[in-house]
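Per TrEMBL, the features are as follows:
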TRANSMEM  B:25-47  transmembrane segment
TRANSMEM  B:67-93  transmembrane segment
DOMAIN    B:67-268  domain 'ABC transmembrane type-1'
TRANSMEM  B:105-126  transmembrane segment
TRANSMEM  B:138-167  transmembrane segment
TRANSMEM  B:196-214  transmembrane segment
TRANSMEM  B:250-270  transmembrane segment
Amino acid sequence: MTETTDRDDRVPGLLPQGLDAHLVVDRGSFRLDVTLTAAPGDVVALLGPNGAGKTTALRALAGLSSLTSGHLGLDGVRLDRTPPESRPIGVVFQDYLLFPHLTALDNVAFGPRCQGAGKAEARAQAAEWLDRMSLADHAGAKPRHLSGGQAQRVALARALAARPRLLLLDEPLAALDARTRLDVRAQLRHHLADFEAVAVLVTHDPLDAMVLADRLVVLEDGHVVQEGTPSGIARHPRTDYVARLVGLNLYRGLAEGHTVRLDAGPAITTTEQLDGPVFVAFPPSAVTLYRERPTGSSARNLWRCEVAGLETHGDQIRADLTGELSLTADLTTVAAADLDLHPGAATWATVKATQTHAYPA
Amino acid sequence: MTDTGTVETRPRRDRPGLRSRTVPVPLLVPALIGLAFLLLPLIALLVRAPWRSLPEQLTSPGVWEALRLSLVCATSATGLSLVVGVPLAWLLARTRFPGRGFVRALVTLPLVLPPVVGGVALLLAFGRNGVAGQWLDAWFGITLPFTTTGVVLAETFVAMPFLVISVEGTLKAADPRYEEAATTLGASRFTAFRRVTLPLIAPGIAAGAVLAWARALGEFGATITFAGNFPGRTQTMPLAVYLALQNDPAAAIALSLVLLAVSIAVLAALRDRWLTPP
């Protein structure tokens, strides 16, 4: 970036376009320390378990809580000392927070009004946004008369009508029932794809994150543990949390050729030939269970385990196993019955080398 | 309770979760005594009212003057309480500052302070030689004691805490995140208050205003101490009632009936508009 910029308040060293943030928030024993960058048009999902700091990061971006240190730049302008009302940042709150005393139209017109538009002009803009969300028929409705999906779209329209350069969405689908969720997720994806500035959404649902976002940033305990494209993360998880999210068994170990000696536990034979610290992952469906030690099995990855728990998972049974190696295994209901699986039952688990996947740590 | 009512409840008794319709005697008797104690004076007022001479009593110019003055002063005091009391309630509910608990205690002090003490304190503050009053007199030629304005001030002093407490409670119950949502849409904190918070807490403000108005209407101690008892200028209904009782009890009863009617009207208005959910 050069000194010759078209705006005086641009700060050298910040990305000239999009989001450039280093958020540090200390709150008692919890510390959030996250670096986030995104180009205009990007949709970034902050994914993480409860208490990971997702909402703290979002509030810090919006200016609703202040940074302990770090910086927040948007399109080359530094915003971390700017009060929330002066930041070009819109928020769709988890429970929407539509103003209950205003109609859908006036809720959406609120932003333009605050930015100085006259009443008629603001309402005209709001009507346009509602139309775009296919909500023209509900313009006069008070929020309590809107369905969950409609309220979500009004909240999105309200945030977008203020023409933000950064759109924040806090668990945008969490308040919806399963059926509405599918529809709204598809619509939201469509609207986010149309949005020309940066969108950051916070969610604990990996499906929402993968459908809506181009890039995932996984937070655990206030820190970024992994970031990348949804498919990259799904293929190469780097923490137990991410592995569980994407439904993989994940281990860390030291590779020597085709053998990976795990940090804790036995060795796993893989098809990849690697050396040094690696991750090994395999899906629960790759595991085969036996009650007796299989004879003549070609699988070299054979471990003695005990059933810790069973639960239904779709039309399958997912077994949690402990023993030589802790892993989860998927099997059909019939197979589970044939094996007479129950918590405490001893089993043998095998995985074919071809179904494991090793990658450098 | 009718006999059939009691019979009906008997078979239900062993079903859990159903309210029994029988009330234990140790609760029922004191409750009825308490109710009678509250009702009897009101009934006495109605029984002993000089119904025949009532039209004559009520059409005397003194009554209307006192009533008009009472309504004007109580309404002005309520208005004044709203203008300064709502922001004060917001400050107490929405901001953190050192000594907030102490300030809150000070605000509520007039609730428990004997009104006559309030009147004395007002004299010491705004009297012609008072702490602030001497400057008001010297600089602007403003004298507050023994004027209609003085009545309004005395009533405000006593009534405003009711409004502040009521509004503060409503504010604390209201979700502050609506204000946050407004600021993310570009509203300043004041705009957020004006366009979002104020409409949301309007029912609480209205209820607080009615409470304050009713308290101001009945104000006696602080008013007579600070503003005196001049017919047409500072003699409000309660003062007129007290004075009439000395030499014309029938007039006192008539005046009391007027105040009772006003009170019942206020209660009815409260019930229909604010106490029952829409």
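In case you wondered, yes, glycine gets a Cβ from its N, Cα and C as well.
Keep in mind the model is a prediction, meaning the values are calculated, not measured.
Fewer than three CB pairs closer than 8 A are found between the transmembrane segment (B:138-167) and the transmembrane segment (B:25-47), and contact between the two stretches is not assigned (pairs 6 or more residues apart). If you count C-beta pairs under 8 angstroms between the transmembrane segment (B:196-214) and each of B:25-47, B:67-93, B:105-126, B:250-270, the highest count goes to B:67-93. The highest tally of CB pairs under 8 A with the transmembrane segment (B:250-270), across B:25-47, B:67-93, B:105-126, is held by B:25-47. Beyond the ends of the transmembrane segment (B:67-93), by six or more residues, the same chain brings 100, 103-104, 107, 148, 151-153, 155-156, 159-160, 163-165, 167-168, 171-172, 193, 197-198, 205, 208-209, 212-213, 216-217, 219, 232-238, 258 to within a C-beta distance below 8 angstroms of the stretch.
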